Amino acid sequence: MQSCFRYLLIVWIILVWPPFVLECGSARAQDDGVIPMSDEEKEWITKHKTLRIGMWIDSPPVMFRGKSGEMEGIVPSYIDLIVSKLGLEPKWVRASSLSYMTELARAGEVDMVAAVVNEPDETRGLLLSVPYLFMPIVVVTPAQFPFIVGLRDMEKRVVAMDLDHIPYQRFTADHPKVISMPVSQPEQGLQAVVSGQADAFVAAQPTVAYLTRQYGITDLRIAAMTEYSYRYSVGIRADWPLLQTLVNRALSSITEDERQEIVDYWTVLREGKWVERPHVWRLLSFGAAIALLLLGAMAYWNRKLSKEIRNSLRAEKQQRRAHEATLQVIESADMVIVGLDYMGCVQLINNAGEATLGYSREEILGRDWFDLVVPKERYPFVWDEFTRLMNEGRKGVSDAFENPVLTKSGETRHIMWRNSIMQGTYNDLALISFGTDITNRLQAEEELQLTKFAMDNAAVGIFRIKPSGNIVYANRKAATLVGYRRSELLRMGIPDVVPGFSRENWPSFWEQIKQKKMVVTEGTVRRRDGTVFPTEVTAYYLFFKGTELVIGFFSDITERKRGEALREDVQRMIRHDLRSPTLAVQTIFSLFSRAENLTEDQRELLDSVMRSSRRMINIIDMSRALQRMESGTYVVNARPVDLVAQTRAVMDDLRPLLEQKKITVQILFSGFPIESTVDFLMQTEDILIYGLLGNLIKNAVEASPNGSTVTVDLGNPERQVVVSIHNEGVIPESIRESFFDKYVTVGKEFGTGLGTYTAKLITKTLGGTIEFMTSEKSGTVITVILPSDFESNS
């Protein structure tokens, strides 16, 4: 019984409710809710209870005179809502056109204009509310007319438009090749298209929809959107800013449902009083009879329907979960996701979009995307692309395209966009764009191009080489040096241009570079004509994206080699010319020292001269030995040498420096003071040991604080000779990595940077190693380890 009553109630609702609803509907939306106001605002409303509101006759359904003589349409419906929410009593002032109405407003004949467009000529002397009505301007053509994208496709064709409307005022300048046909009423424009007098008619989209239904026109279609649109605001006299605030508040309180109801009423439901037509009631009666016949079946279906409802609720729950999961995916995505409506306003943005643009969600939602973030110089192109997508729908979606955006801070970010068209109604989400920030990638590509340019045009030759020895890159300088074209070098290998390498020995050199990471060497390169020239090569090992490579930088050192050979010849002559006279002087003074009648001062003077001459000979001999050691041609003539005697000889030569700095040099053996009569012999060459100890001890003395002690500790563990020299100074951190390199010095007025370099070269020649430890707490210790049984390498 309850089920039958339920379904009878449903039938009553089906039969009775629609006419009741339509009878209760009004041509203008009603709202009894008054917006909240301050005491000052309420007092102002009381003083200005009657408001003179200007209306002007426009195209239906925007604003027109109805059958009763009253102004009707979308705009009057909005004004009714505003007046109701403000609690004002309207006094209507009508005008035949917008221009005449604005003249009345400037003359003070009206307090408020129902609808104005934000144009300088129309709004001068008026305050404007926020826009409350947006109407796109569309192109209407016959149904069989060829496909068009916009007004640009209408060149040399006749286009009708209302001469009082703003698009007509701009049309001639914007589209000079389109033939314009001015009309005084929109009905005339539609009739011109129907009769063939015009190829198209340009008007507001609601006007087209209303008039085509009103006159039963079915063979026309909206072919494209234009770049023009209306954004209506309320115009308010300039001396009433408080009214502007109240109107804006009233407009913001109008809900989306109320706005949609107004648009739907004047574009859909306003076509005649269909409830008064007899055939409608006959159809309803027939439907009622069918419903009564089905009433019995509904009782049977009730149980089945309940089950379906449960299933539907379960499906809705799953759909809701899926929707929540989708939102979570959107928010957690690392790409910018933006949703726009048909007007280009932002309806959706995710966390990545906020982070990229710098705007909070509250700052960007509802704003015009193109005005907010699109650079001005890109605006026309981006807007045209958006309009094209809106007209063509999903079939107009193309591949990804790059377009920059402006962040809140003014920074330009380059975004790669992919668009997805949404199917929906006028106020729904129309477009979702997925953007990937490629700014850093573009910057990296620019840096790569600059780097490639620098490498291609570098002043030294550059090769990029595979483990096989094949050349995969050669710059211009490399091609010039070897006499091949760059394309030819890419088909060659290093053994083809470097005589010292072959396919057999190249792998061993590759392993050497791989272990050391960097190798500096000298060699020769063979030109295309068969000639060779000396080169210096710096090779770097690189493991990049799973691939092993060697980057080789080489330069022609022919001139440098010539200079070195010339310098060596000059030095050889100088050493020869200096050594002979010095030996003669040393011999003469040695004979003088045998005289028995010399005073102590004279003997001390003779000893000083002999030490100086001996030092001079050692320097000359060491200079010649260094050159041979650097070239790898030095032959060590090993014989027993006393390290203690050599150390004391160095101390004797350094006596002026030791006395000046008041430094003591202490000789130790395995950490204990050594007796003056003890010898420490090893197989080596005296000139090398003197050069090694002399350079290291002199450096230690120079680096020591005044009044300190330098220790020379000699040891002989496991058939090795260990020499450790300690001082209280600290090696500066800036030179620790290059301490033993040539010409490295710091803090010495006349330092050459050759002392430690010479010590390392001698150590290497004798088959030993040298290293150091330094700290603020312990000072510096340089340790040399040499083989005690060194044999001559001759």
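A Cβ is built for glycine as well, from the same backbone N, Cα and C atoms used for every other residue.
Note: TrEMBL annotation is automatic and uncurated.
Annotated domain 'PAS' per TrEMBL: 322-378, 447-490, in sequence order. Under the heading domain 'Histidine kinase', TrEMBL lists 573-790. Taken from TrEMBL, the feature transmembrane segment applies to 132-151, 280-301.
Same-chain residues lying 6+ beyond the ends of the transmembrane segment (132-151) with a Cβ under 8 Å from its Cβ atoms: 62, 74-75, 78, 115, 159, 167, 174-175, 178, 190, 193-194, 199-208, 219-234, 251, 254, 342-343, 384, 387-388, 391-392.
Look at the domain 'PAS' (447-490): DSSP puts its residues at 21 helix, 10 strand, 13 coil.
According to DSSP, the secondary structure content of the domain 'PAS' (322-378) in residues is 30 helix, 12 strand, 15 coil.
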